[in-house]
Structure formats: C-alpha cells, structure tokens
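Asks: Okay, handing you the structure first.
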Amino acid sequence: MGYGTRKLSDEYEVSEILGRGGFSVVRKGTKKSSIEEEKSQSQVAIKTLRRLGASNNPSGLPRKKDIGEKSTIGFPTMRQVSVSDTLLTNEILVMRRIVENVSPHPNVIDLYDVYEDTNGVHLVLELCSGGELFDRIVAQDKYSETEAATVVHQIASGLEAVHRANIVHRDLKPENCLFLDVRKDSPLKIMDFGLSSVEEFTDPVVGLFGSIDYVSPEALSQGKITTKSDMWSLGVILYILLSGYPPFIAQNNRQKQQMIMNGNFSFYEKTWKGISQPAKNLISSLLTVDPSKRPSALELLSDPWVKGEKAKDVQMDPEIVSRLQSFNARRKLRAAAIASVWSSTIFLRTKKLKSLVGSYDLKEEEIENLRMHFKKICADRDNATLSEFEEVLKAMNMLSLIPFASRIFDLFDNNRDGTVDMREILCGFSSLKNSKGEDALRLCFQMYDTDRSGCISKEEVASMLRALPYDCLPTDITEPGKLDEIFDLMDANNDGKVTFDEFKAAMQRDSSLQDVVLSSIRP
C-alpha cells in the first residue's frame with residue numbers, strides 16, 4: 001500500500017476522549033478487524049498531535065509496524081511531516097528512537113503504528129487503563145515503603161532503558177506514569193515523550209510548562225540537560241511518595257526556584273520520623289544540585305532500598321496518605337487548567353465568529369437556553385455533531401444563524417473529528433456580548449458552573465481557562481510556575497474548588513487577572 005492511501009478511520013474505531021494536552025488529544029481506539037473479537041487485545045490509545053499548518057502532500061504510512069520489529073517504516077520522515085509545530089516533530093523523533101532501541105519494555109509506553117493526514121499525526125499507542133500513579137496509591141488499603149520502592153524500581157527500569165538509548169524524558173512527573181491495567185501487579189509505564197530530547201541529536205524543546213516542582217536546577221538555570229535531570233525528577237517523586245508533599249515549598253514562585261537551585265529541602269521530623277534512613281539517603285543523593293553526583297537509573301536498580309531489601313514493610317502514618325490525597329487532587333486540577341490554557345485558540349475563533357454573525361447580541365437568558373438545548377439534544381451532552389448543532393439553533397429559533405451553521409461549527413472543530421465542545425461554542429457566542437463589572441464576572445463564572453452548584457469543579461475551571469484569549473494573557477505567562485500562581489489566587493482555601501466569592505476576590509486582588517478573565521466575554 002503506497003503513501004497517502006491509509007486512513008486511521010479505515011483501521012480503527014475511534015471513541016471517547018481519554019485526555020487532552022496543550023497540543024494534543026488522546027482517544028480510545030479499537031481495531032476494526034477485532035471489534036467482535038477480544039477487545040482487551042485490540043484496544044489502543046490514539047494520540048493526535050495537531051499540526052499548525054497543512055502539508056502540501058500529506059503522506060499515509062505503508063503498513064503497520066509489527067510489535068517487536070525494529071524497522072522505522074511507518075514513521076513519516078521529517079520532509080514528509082511538513083509542520084511548523086516543533087513539539088510534533090520532536091515527539092515523532094523521540095518515539096522513533098524508542099521503537100528502534102527500547103520497545104517492547106514493561107515500563108515504557110509502546111508505539112504500534114503512526115498515521116498522518118492533513119489534521120496532524122496520529123500515534124497508535126499501548127492503552128494504559130490502570131490509572132495514574134498517585135491515583136492508585138491513594139486508593140490502596142495499605143501503603144508502605146515497600147510499595148513506594150516498587151514504584152521507584154519500575155520508573156528506574158524504564159528510565160534506564162530510555163537513557164541507554166540517549167533519550168532524556170525532561171518531563172517526568174506522576175501524571176506521566178500510568179499503570180497498564182487495573183490488576184494489582186500491573187506494570188507501571190512511563191509515557192508522554194513530547195518534551196523529550198535525544199542527547200547529541202535533537203535540541204531540547206525550549207520553555208518550561210506548568211509547575212516547576214519536578215524541574216532540575218540545571219534546567220531552571222538553562223544549563224545542560226542530561227539523563228541526570230530525570231533522576232532529579234524521580235527524587236522529587238520519591239520525596240512526595242514518602243511524605244505527601246513536595247520537597248520545595250515557598251511563598252512565591254521566585255523563592256521556589258531559588259530553593260530548587262540551591263537544593264534547599266529538609267526532612268521535617270514530624271513527617272519523616274517513621275521513614276527509614278536508607279530512603280532518606282536515597283532522596284538526598286537524587287536531589288543533589290551537582291548532576292554528576294546523582295545516581296544513574298542503572299545504579300538505582302541495584303540500590304538495596306529500591307530492591308526492597310531495606311524498605312520498611314510497615315504501614316505508613318495515615319496522615320501521609322491523607323496529605324498525598326490532597327496533593328494529588330490539586331495537582332490534577334492544575335494540570336487540567338494548564339493544558340487548557342495552552343490549547344486555547346478561542347480568541348481567533350471569536351473574531352471569525354463575529355465576522356460571520358455580525359452584531360447578533362445574545363442576552364444572558366439566551367445563553368442559558370443555548371446551554372439547556374445543547375444538553376437536551378446532544379447525545380453525550382458536552383460534544384455536538386453538526387446535525388445536533390443545527391437542531392439546537394432551530395430549537396432556539398435562531399433561524400438567521402442556520403445558514404452559517406456549518407461554518408461556525410468548523411471554527412470549533414479544531415481536531416476535525418466531527419464534534420465540537422459545547423462550552424467553547426457557548427463562550428464564543430458569549431464573546432459577542434459586551435459586559436462589564438460584577439455582571440461580567442458572574443457571566444464568566446456561571447457559564448462554566450454547569451451543574452449550578454455555586455462552585456466550579458476542576459473540569460469547569462479548565463474549560464474557563466481554555467476560553468482566555470492568549471493575546472490577553474499576562475506577558476510572563478510562560479515563566480515556570482506562573483500558571484500555578486494564577487490558580488492559587490482563585491482557590492483561596494485550597495479545597496480544590498472555586499466559589500464565585502473566591503473568584504471575585506481573586507479578580508479584585510489582581511486587576512490584571514480581572515482584565516484577562518473579562519477579555520473572554522468582550523468582542
């Protein structure tokens with residue numbers, strides 16, 4: 001089969017969304033030839049890396065890579081992948097290196113196939129359905145150093161394999177470690193190599209995204225990034241596994257950066273008195289500022305504590321698990337918010353939408369009706385097909401907009417999967433309404449308080465941040481940890497949800513933040 005003849009939809013049934021990143025979306029897929037067979041052996045994760053510009057000659061792939069085969073056939077070459085998105089091309093390069101030098105490995109995500117079309121590149125990956133690392137731990141009845149050592153051993157095993165292939169992950173954190181399945185003895189897989197680099201071959205992706213909690217001192221100081229940078233990140237993960245909080249805690253982001261670069265952390269007696277000395281010694285070696293003095297992944301695999309020989313097999317203080325639960329909830333909320341901000345294109349969509357519908361001005365009750373009709377007509381409540389969107393417009397008697405339905409729909413179908421996010425369309429229409437003051441803030445807030453509970457959940461906060469036009473975000477938004485600071489301003493009592501009073505108070509404390517949020521409902 002020649003280039004350009006294969007289509008993802010010909011071979012896979014693509015279903016629900018498993019997750020979103022700033023530059024990608026991951027969905028569950030089932031191989032069509034196996035739909036009636038054992039689904040457990042035919043289900044995959046399909047990661048679509050969105051391209052910023054269409055290729056003049058998008059290429060398909062000649063055939064599927066047989067599992068275990070070390071051929072590079074099936075990967076678009078750099079000439080064939082004519083895209084401007086550095087992250088897209090970088091991830092393809094790294095995944096090709098993994099296929100050639102690492103796969104299959106019990107602790108590294110496996111890549112089965114690659115497809116390319118005008119919308120982007122689709123990576124067909126091993127499906128990890130066992131949940132994130134911290135989710136599994138906080139749900140356990142018993143948790144001890146032994147369980148933590150098993151986790152570290154598996155991560156070190158995966159890192160040793162990718163490091164041997166000269167790959168630096170550069171974004172190692174709990175959410176990038178998933179269990180393969182729900183079995184108690186399920187292997188833990190390292191995934192998401194979008195920010196990775198191949199030593200002496202590719203340049204590391206420029207910039208730091210999200211929290212700096214796991215970032216090494218050399219990365220913060222823009223020094224040389226090596227495999228030892230991943231070992232620092234593993235040290236941070238281990239510290240959290242044994243205490244329930246990160247090693248570097250500060251009043252603001254600048255102070256935290258300084259603490260990291262100085263390696264300024266401690267083992268507080270109240271928390272760490274029950275933790276073994278070998279565990280603390282291991283953390284200290286991993287969180288050494290000088291990268292050359294940190295142990296390698298290979299050395300870690302022979303460490304007595306990591307092997308379980310010196311890890312305490314007694315249940316940890318329940319307070320540690322409680323803190324870990326709280327930390328995990330906030331981490332997930334921030335991750336969702338950060339991904340949403342980086343995926344934002346609502347500003348450009350709103351300008352195009354306004355050019356289509358002119359001065360059509362929706363009142364607040366019309367926006368509410370639009371939301372209600374979406375939920376009533378759309379099968380999955382949050383996403384609409386074109387025909388469902390047209391039915392919504394008809395039900396609302398918005399007849400003047402029906403001729404533009406397909407064009408409006410196309411603005412919001414960013415990944416060209418034939419569906420659009422209801423909340424993004426709501427926000428787009430709301431942007432045509434010029435509101436001010438508290439009414440404007442309440443409109444922003446209520447638009448995403450979909451269950452009318454009086455507070456915004458983590459998913460709803462993520463949607464709200466997605467609606468912020470990038471052009472209006474603070475100029476320092478790309479600084480490490482800046483997005484964490486913005487969220488901290490909103491969630492004043494750290495309970496993982498934001499009330500309107502908290503939301504409004506954050507706006508009043510920071511006028512620049514208010515300008516950012518209000519920009520999402522102004523033309």
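Here the Cβ of each residue, glycine as well, is placed from N, Cα and C on the backbone.
According to Swiss-Prot, the record shows the following:
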- 12-306: domain 'Protein kinase' (DOMAIN)
- L18, G19, R20, G21, G22, F23, S24, V25, V26, K47: ATP binding site (BINDING)
- D171: active site, proton acceptor (ACT_SITE)
- T271: phosphothreonine (MOD_RES)
- 329-342: region 'Calmodulin-binding' (REGION)
- 400-435: domain 'EF-hand 1' (DOMAIN)
- D413, N415, D417, T419, E424: Ca(2+) 1 binding site (BINDING)
- 436-471: domain 'EF-hand 2' (DOMAIN)
- D449, D451, S453, C455, E460: Ca(2+) 2 binding site (BINDING)
- 478-513: domain 'EF-hand 3' (DOMAIN)
- D491, N493, D495, K497, E502: Ca(2+) 3 binding site (BINDING)
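Looking at the shown structure, what environment does each listed feature sit in?
Replies: Classification of L18 (ATP binding site) by DSSP places it within a strand. Note: L18 (ATP binding site) has non-local neighbours V26, R27, K28, A45, i.e. same-chain residues 6+ apart with C-beta under 8 A of its own C-beta.
In sequence order, S243, G244, Y245, I320 constitute the residues six or more apart from T271 (phosphothreonine) in its chain with CB-CB distances below 8 Å.
A 10 Å cutoff on Cβ-Cβ distances gives T419 (Ca(2+) 1 binding site) a total of 21 other Cβ atoms nearby, all chains included.
Taken residue by residue with DSSP, S453 (Ca(2+) 2 binding site) is part of neither helix nor strand, so it is coil.
Its Cβ placed at the centre, E502 (Ca(2+) 3 binding site) has 19 other Cβ atoms within 10 Å. According to DSSP, E502 (Ca(2+) 3 binding site) sits within a helical segment.
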Asks: Quick one: of the recorded positions S24, D171, N493, E502, which has its CA closest to the CA of C455 (Ca(2+) 2 binding site)?
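Replies: Spatially nearest to C455 (Ca(2+) 2 binding site) by Cα position is E502.
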Asks: So what pLDDT does the domain 'Protein kinase' (12-306) average out to?
Replies: 80
Asks: Which whole-number value in Å describes the distance between the Cα atoms of N493 (Ca(2+) 3 binding site) and S24 (ATP binding site)?
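Replies: Taking the Cα atoms only, N493 (Ca(2+) 3 binding site) lies 32 Å from S24 (ATP binding site).
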Asks: For N493 (Ca(2+) 3 binding site), just give me the three-state DSSP call.
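Replies: N493 (Ca(2+) 3 binding site) sits in coil per DSSP, no helix or strand.
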Asks: Just name the winner among S24, S453 (the binding-site residues) by count of other CB atoms within 10 A of its CB.
Replies: S24
Asks: Just to verify a number: CA distance, S24 (ATP binding site) to E502 (Ca(2+) 3 binding site), in angstrom, no decimals.
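Replies: S24 (ATP binding site) to E502 (Ca(2+) 3 binding site), Cα-Cα distance: 31 Å.
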Asks: Say you check the Cα of D171 (active site, proton acceptor) against those of the binding-site residues T419, S453, K497, E502; which is nearest?
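Replies: Closest by Cα distance to D171 (active site, proton acceptor) among the binding-site residues T419, S453, K497, E502: K497.
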